[in-house]
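A short write-up of the structure that comes next.
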Amino acid sequence: MSEYPKKRKRKTLHPSRYSDSSGISRIADGVSGIFSDHCYSVCSMRQPDLKYFDNKDDDSDPETANDLPKFTDGTKARSRSQSCLVPSPVLRILEHTVFSTEKPADVEICDEECGSPESGHQHTHEESPIEVHTSEDVPIAVEVHAISEDYDIEAENNSSESLLDQTDEEPPAKLCKILDKSQASNVTAQQKWPLLRANSSGLYKCELCEFNSKYFSDLKQHVILKHKRTDSNVCRVCKESFSTNMLLIEHAKLHEEDPYICKYCDYKTVIFENLSQHIADTHFSDHLYWCEQCDVQFSSSSELYLHFQEHSRDEQYLCQFCEHETGDPEDLHSHVVNEHARRLIELSDKCGSGGHGQCSLLSKITFDKCKNFFVCQVCGFRSRLHTNVNRHVAIEHTKIFPHVCDDCGKGFSSMLEYCKHLNSHLSEGIYLCQYCEYSTGQIEDLKIHLDFKHSADLPHKCSDCLMRFGNERELISHLPVHETT
């Protein structure tokens, strides 16, 4: 006879019961009407709802080591704190069933057939058998190898907490200690990071934005990088930083009394000279553009161009040759050039813009019969269409433009070119009024502005410079500045 018994092939009409997701296998054949007739391997079964706290026959406790009963093979029974948890349906079956301590032959064959590496570490002869407590609190040592066919597989997905609620027994003390430690660690993390909480989907979501992640470390890094304020003690008005919040509060009281506010930013000051210097250095350090209609200043030509368009919306321009009306001077000029080019040339000659007498510009338009072209004799422009040559002369040689510079008299057909031209006059110098936002490129214009705009509130004028003062005492204190120079 061989050392190992011959393996018996299992035949069944239900192969799915041999999968790893099945329950616990049968333990005895003598009970009919409760268990299935098939034999299942307990070694290959996954039991996610059973949490083992196995101490491997821990005899360290002298009080309980000698009181525990022993089995026929010399294995000690486990105490209540060492017992394992099994599903409640199995407990209800086992409470009303009497089992024999002898191991049936079917179970031996089943144990021999289980040779999977997954089950090798779960149940061996050296391990203690699973202990199941009945309602009478008597430890009965049995090996659980069977499960009822009526057992619901969904019960396997229940957590260990729900299994504890189903049983009338108190949970083991060791399990309570483990849960307390995990809860304590979670509370500590939530206290440190109150905004980081896992939602129902298992994702950690930031309460300050839409960011979410399944990792706590990613959300923690996101909060530090995106929402943690490192410059909390910085003044919003003057951008000055302070070491404490109390110093920032004391500093903020100074800005409540600031009478001078920059219209281009949030800068405030109690000294007007500081405001004037701030405007010149910050907003008009390189270029200065101002509107001649309302004296509003801009730091770029594009801003001035947009500002001019606002003025053009309020005004309506009427064509003098027809009833065309528009709010944009460029649109009016384009209309006159395209529709009334010949009449515009005649008007230019009458005003002497051409410089060669009446109809001088019209006489410059000739027709080349050899090449069948209309040619401009002023610049050589040519085209097969007479209207194209008339449009060219009206645009380039009539010197009638929608925008004309007041300083040099040069005209421009587009507002953007006109705004860029204003930069050429800034080389002579920029003169800013120290008492308001007025600026000009001519020193005489600034003097006239000071005499008319600030003579009432600042009647005392310095004879050596353009400074004005509200009282005579301030003027006297200012005069030593010129004596030292």
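Note: Cβ is positioned from N, Cα and C throughout, glycine not excepted.
Swiss-Prot records phosphoserine for one of SER60, SER119, namely SER60. Your range for zinc finger, going by Swiss-Prot and the list 84-107, 132-155, 204-227, is 204-227. Residue ranges 23-45, 460-482 are listed, and Swiss-Prot annotates 460-482 among them as zinc finger.
Same-chain residues lying 6 or more positions outside the zinc finger (374-397) and placing a CB less than 8 Å from one of its CB atoms are 336-338, 341-342, 344-345, 348, 354, 361, 364-368, 413. Sequence-distant neighbours of LYS226 (SUMO2 cross-link) (same chain, 6+ apart, CB under 8 A from its CB) are LEU208, CYS209, PHE211. The average pLDDT computed over the zinc finger (374-397) stands at 80. Taking H, G and I as helix, E and B as strand and the rest as coil, DSSP gives the zinc finger (204-227) the counts 11 helix, 4 strand, 9 coil.
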